[in-house]
């Protein structure tokens, strides 16, 4: 009896120790993410400090800002390997949003109209809520018996039999789970994007672009007001450079996120997932055999999309309102 009590006590101590280690690891990853965000924006601050802020040099500033961010990312990876604690991609996104919001509240807000102020603050608040929501959302995880292998789920048997529960179920190697309607694993949101959270993902993606465009518009009001008041809105060169560097950061984000939105709009209208488009040779239902002309025995495989039923039907299926 005493031995059992001792073993239970020892097991309880080990469990608590493991929980503390996990909490410490999470806190460490958040701290590393915060430091990397501050370092990246500090490095980005050097671009407007040392280069002209005229409109003619905007392209040069964008190129230099992109190079600075790439360099900061490389240095961050080297430091993470040196320290042994890796950053959290969702935390990086979260702290970047907070950093932009902080610059807006302390430097830009007083020069912006009340309407734009309300719009931008609401956008950021909804963006942060959406980030928290998608982190814990179920992308459409499907559980199978251990006798079912990945090849059976992703192969011809799963589709040619027309079994509805296995329809478009793919395996995510990052999450080690089967996801219905799997599009891709999103490191920035720390979750898979599948059938159940694809709409939320698109809303968040459009929300990021909209909030960044709103911030750029707010900065145009800030610059105009600063010129009218003879530069009194911007108290020093560092503050002004910080405003410009965050503008460059948002412009870069809008450029690649805008392309990303366009890609997913194409996928929605065509009823195809990113994983299916990249790895279509792995999925038999996307393969169609064609025979060479003149009676030759050689046959080839071409891509076909069996799920494309027209833009209107595809959009309805994406929104979950198909009849």
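Even glycines carry a Cβ here, placed using N, Cα and C.
If you check TrEMBL, you get these features:
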- 26-51: transmembrane segment (TRANSMEM)
- 57-75: transmembrane segment (TRANSMEM)
- 82-106: transmembrane segment (TRANSMEM)
- 118-136: transmembrane segment (TRANSMEM)
- 167-280: domain 'Palmitoyltransferase DHHC' (DOMAIN)
- 198-222: transmembrane segment (TRANSMEM)
Self-check item: Arithmetic mean of per-residue pLDDT over the domain 'Palmitoyltransferase DHHC' (167-280)
Solution: 88
Quiz item: Can you count helix, strand and coil residues in the domain 'Palmitoyltransferase DHHC' (167-280) using DSSP?
Solution: 71 helix, 14 strand, 29 coil
Quiz item: Who are the chain neighbours of the transmembrane segment (82-106) in space, where the CB to CB distance is under 8 Å and they lie at least 6 residues beyond its ends?
Solution: 25-26, 28-30, 32-34, 36-38, 41, 76, 120, 124, 127-128, 131, 135, 187-190, 215, 218, 242-243, 246, 249-250
Quiz item: Restricting to the same chain and to residues at least six past its boundaries, which positions have a Cβ under 8 Å from a Cβ of the transmembrane segment (198-222)?
Solution: 100, 104, 107-108, 111-113, 116-117, 119-120, 123-124, 126-127, 130-131, 133-134, 137, 181, 183, 186, 189, 233-234, 243, 246-247, 250-251, 253-254, 257-258, 260-261, 264, 268, 318-320
